[in-house]
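A.B. asks: Straight out of TrEMBL:
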type	residues	note
TRANSMEM	A:12-30	transmembrane segment
TRANSMEM	A:42-64	transmembrane segment
TRANSMEM	A:71-89	transmembrane segment
TRANSMEM	A:95-121	transmembrane segment
TRANSMEM	A:133-151	transmembrane segment
TRANSMEM	A:163-182	transmembrane segment
TRANSMEM	A:214-233	transmembrane segment
TRANSMEM	A:245-264	transmembrane segment
TRANSMEM	A:295-313	transmembrane segment
Amino acid sequence: MTKKQHNFSLRDFLFTYGFLLVLLLVIVYFSVTAPSFFSMNAAMSILHTAAPLLIIASGLAFVIMTKRIDISVGSIAYLSAAIGALMISRMGLPIPLAVVSMLVLSCLMGVLNGFFVVILNVNPMIATFGTQLAFRGIGLLLTNSMVVSLPRSIRFLGNKKVGPIYIDILFSLFILLIMMLIHSRTQFGRQVVAIGNDISIAEKLGIKEKRISFFAYVVCGLMAGIGAIIMSLQVGSVTPTSGTSYEFTAIAMLVIGGVSLYGGEGTILPGVLIGGITLAVIETGLNYIGASVYVYSFVRGGVIFVSMFADSLKTQVKPKVKIMEDEPTTVSNAQ
Amino acid sequence: MSILNSGVTQQLSKKDSKEAADIYWTRYLPYIVLVVVFAAVSIFVPYFLTISNLLSVLLQTASLAILAIGQAAVLILGGIDLSMPGVMALGSIFGAMYMRAGGNPVLGAVIMLLVPAALGLINGISVSYFGMIPFVVTLAMQAITIGAATMITNQISIPVPENFCNAMLTKIGGIPLPIIIVLILTLFLQFAVTKTYYGRWLYSTGTNMRTSRVSGVPTKKVVLAAYSFAGLMGGLAAIIMTSRLYAASPQMGKDAVAMDIIASAAVGGVSTMGGVGTAVNAVIGAIIITLISNVMNMANVSYYLTLVIKGIIIITFVAIDANSRKKSTK
Amino acid sequence: MTIPYLKMDGIAKSFPGVQALKNVTFEASQGEILALVGANGAGKSTLMNVLGGNIEPNSGKIYINGKEVRISSPSDAAANGIAFVHQEMAMLPTMSIADTMYISSFPYKHGLIDYKTIYQRCRVVLKRLGCNFDPRERIRNISPGDQQMVEIGRALLHDPQIIIFDEPTSSLTSREKDHLFEVIRTLKQEGSVIIYISHFLDEVFSLCDRVMVLRNGETAGGGLVSEYTNRDIVKMMIGEKEIDTYYERSEHRAGEEIMRVKGIYRSGVINDISFSLRKGEVVGLWGQLGSGRTEVARALVGLDPIDGGTISIKMGDQMMPVKQSETKKYIGMITENRREEGLLLPMSVCNNMSLANLTNLTKKKPFSSVIDSKLENSETDKYVKRMDIKISSQAQRVETLSGGNQQKVIIGRWLQKNPPIYIMDEPTRGLDVGAKADIRRIISDLAEQGAGILVISSEIEEIMSVSDRYLVMKRGSIVAEFGSNASKEDLVATATGAASKKE
């Protein structure tokens, strides 16, 4: 009775640990082509680069696990960072107040996305595409599309180290840990995965699908806001291009890390972390071998294409579920 | 379900059947919007209603209209193509490079047309035969093409020979060639989608892929064709855009262009849920969006506010469409 | 006998157009397994859905342990110790067994889900079912039979007193089925009330203590299983009255063979299906829901994949093997779910009816991709008239038509294309009597004109009124074949497994 289907296991193994394999290959490749690449320093700078995006990706993961999408995360990050920076350096408000407002604002942007997608039933892709441009537009309007610098008093935080480790690395690992717990050890997280498995089955099992999906967008917005804090601290300012194409990088991280765009699949730890590191390794590595900056977007597109392809193969492996009708059938009329 | 329904919809009154003959009330929305926007612009903008001004507005609209037509084909299938700007830019750059190296302008134009079509074909194969998700495929394609475009050009525009541009911008009977191209293309496609069985297959696949498959419609080929067509339209737009700018530049492919394309289709009445919309819808949408952009430009509205406004426009129209359709099908 | 633990008294329920339950009284006691049987549409599911809180009855009372209870939602049912094991399993393939069982409400400890307790309870419950699963195993890695155990395990989590099993064996292998029966017997010994809904009479005889038969929403009889024979129960299910006389059967003359199916199979779904179809003949593919009849039909036209076997179709003078993806060209397929797979709901009658035939409705040479709309309209008109479809105009949207007219639109689509072979899966489901009769007449006419037709229906009267020959399916295989002289009892008995002596 309890026998497992062994012919599935090898495939399962590859699909589960495939991303680790990819990471290893990438590291080996760059270590060979650029000897200085394989060093502690490089490792730290890789994690440092990945830190804000890891946080944003972990929030986006919740939305993607419900089989939806949010491509406005980069703009949410930009707008909340811009407002935070304006509050601190133009209005002179206390930093904690600015931080809290940033977080509240990013939540509100998530609420807006959730409203459009879950309540108004607007196609998630198009709704968040609209908000992506709208949020950035508002940010550019408020900042007059100028760079807003952060005061020196906090700027140092972005590149501060404890021992050899940047504190933002520790912070983002901490956030990932919390997100992992929410994903795997709370009812909300589990129900998000259930919705991604099949919305109608989830509803049949008594899950309040709309409420959970809505909340997933709010979480996604909040994480974009937290990521924005690290992002702006690292640079020391908020520039008009801060956060551009973050949605794309975050999706790439998730897909490489095994979070399926078909919903219901993937982990925050180690999945998102490894996906994030893989992508950061590729970019840092390209940097080490002296590739042009413009190569990044090209390579990132290729990477997402390939991992997406693997993802689609993976879903084709899944056994098909039979469709049965559950309506009362007619009584044969034979009077 | 079936029993419940058969009882209710048994009798059809005259009024019902009249209603049944047309599709959705939202069908008329784009025309109303066009008239309102046009009227508002003519009242508030001096010299708007001169022939030369109207022609210049239409010339501005041409490339957007062509892109929106391509997008419409994909949207009708319930898909989306976010890669149109990047694909267009890359096509334009390859063509321009070929001409800069001394190539024949006609062949240059052919390159501009075929490179995007080939990229569209890749999108189509990925979506139809590999079952990949349209927006990710095309988002990745956008990243790849825009990356390649900046890489190749180092972000510097490539000028194209003047004879190429002048040929494209010749006036026939006082009307610039691109406007004529759009006009002919629109008429031809309107005919194709409404009168040929290819058009019928497109709508049936977009309305219900499973029904179409059971009825023997080659649904995979239809999907493949639609994405390839979108690519091809990207190529045509590349030719017109390049000749208007006298240069090919990776700037042509920035993301905000995709917003204008999708906004045009959505405002023009192409449903993002599939099955509804024509070439005329796409062109009307493109005119509306161009008018709105122009007005905001003249009123000195900042570029950033226009982004916000367009974002709101897209969401509003898509929400109206989604909710009116839900009521009428269920 | 003492007072029954569960009593449903005078339950009535009507849906628009159908009286699904007419004053049904139902009793069940602790420590016994009660079989609830009846033909499709007899009202079994409706009755149990009333008990499970999914359907509110128009009248009637429910007593548990002598006390009247109100059950108006599934959670009311659960609170009264009623658990429902549904036929279609609600599984979450990417999640663990434990998650799937607890998904609607997890126990917490220190602000996090208390997996330690959950795993423990899962193990206990699953052990009670004789399973040694690791609760952390993912659902997609276990077999359908094991998933069924998880489904039952979920029902047992809240220690129910009354457990309803709705067709629990339809996706199980025979070994898994034996195991399930053991489990159910154990539950019975532990004093639960077990209600077992089944199509299969052999299961009823090997498992159940008492039987209750429903027919057309009424109690048709019941009592101790040991007091009945198979035939008795079959009689109760289909009624004494010979209804055949009501429907006029038309004999068709079968001509030459036009389709030959040889050994098609798909592992776990259908096994070794072979049969042939001749011109001018209507073959009834009869079997219970879940017997694989729909899957065979879909496999024949390439809608579901097959693992092997050949399909040959007559072309010219010869039978030619045809690729599965090509068979659609020769077969008109009418699927069972017309809204999802039959119609383009928001599109017009005309567009719906010409969909399969578009390439033949074009203009002459240089415009050979342009649809000749005059021809399209006249063709549509021809079949609208021929089938008497009630429409206000050809431009009317199909979603505004009644079910019967919608179904006729689908049939009309194929008549326009005029393929040599038709497959009709539940062609009259959900239609009123008049529309049913119309569609049966159309089937007869088609056969008269030389088409080969395979018909699937859940209604025995219907399949008997149109078929010249019968193939009976059970558990994915064709188990018997009958000629036109087959009786109703023959068909019901073979499909339910009651006829053990005959082949």
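Cβ coordinates come from backbone N, Cα and C, glycine included.
No curator has checked TrEMBL annotations; they are predicted automatically.
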A.B. asks: Check for me, if you would, whether the transmembrane segment (A:133-151) reaches the transmembrane segment (A:245-264) - at least 3 Cβ pairs under 8 Å, residues 6 or more apart in sequence.
C.D. replies: no
A.B. asks: Does the chain bring the transmembrane segment (A:163-182) near the transmembrane segment (A:95-121), so that three or more CB pairs sit under 8 Å (pairs 6 or more apart in sequence)?
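C.D. replies: Answer no: the transmembrane segment (A:163-182) and the transmembrane segment (A:95-121) share fewer than 3 Cβ pairs below 8 Å.
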A.B. asks: Go through A:42-64, A:71-89, A:295-313 and flag the stretch with the largest number of C-beta pairs under 8 Å relative to the transmembrane segment (A:95-121).
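C.D. replies: Counting Cβ pairs under 8 Å, the winner is A:71-89.
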A.B. asks: In terms of Cβ proximity under 8 Å, which residues at least six beyond the ends of the transmembrane segment (A:245-264) contact it?
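C.D. replies: Contacts of the transmembrane segment (A:245-264) (Cβ under 8 Å, skipping residues fewer than 6 from its ends): 15-16, 18-19, 22, 53-54, 56-57, 60-61, 64-67, 69-74, 77, 132, 193-198, 227, 270-276, 278-279, 297, 300, 303-304, 307-308, 311-312, 314-315.
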A.B. asks: Pairs of Cβ atoms less than 8 Å apart decide it: which stretch in A:71-89, A:214-233, A:295-313 has the most with the transmembrane segment (A:42-64)?
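C.D. replies: Going through each listed stretch, the top one turns out to be A:214-233.
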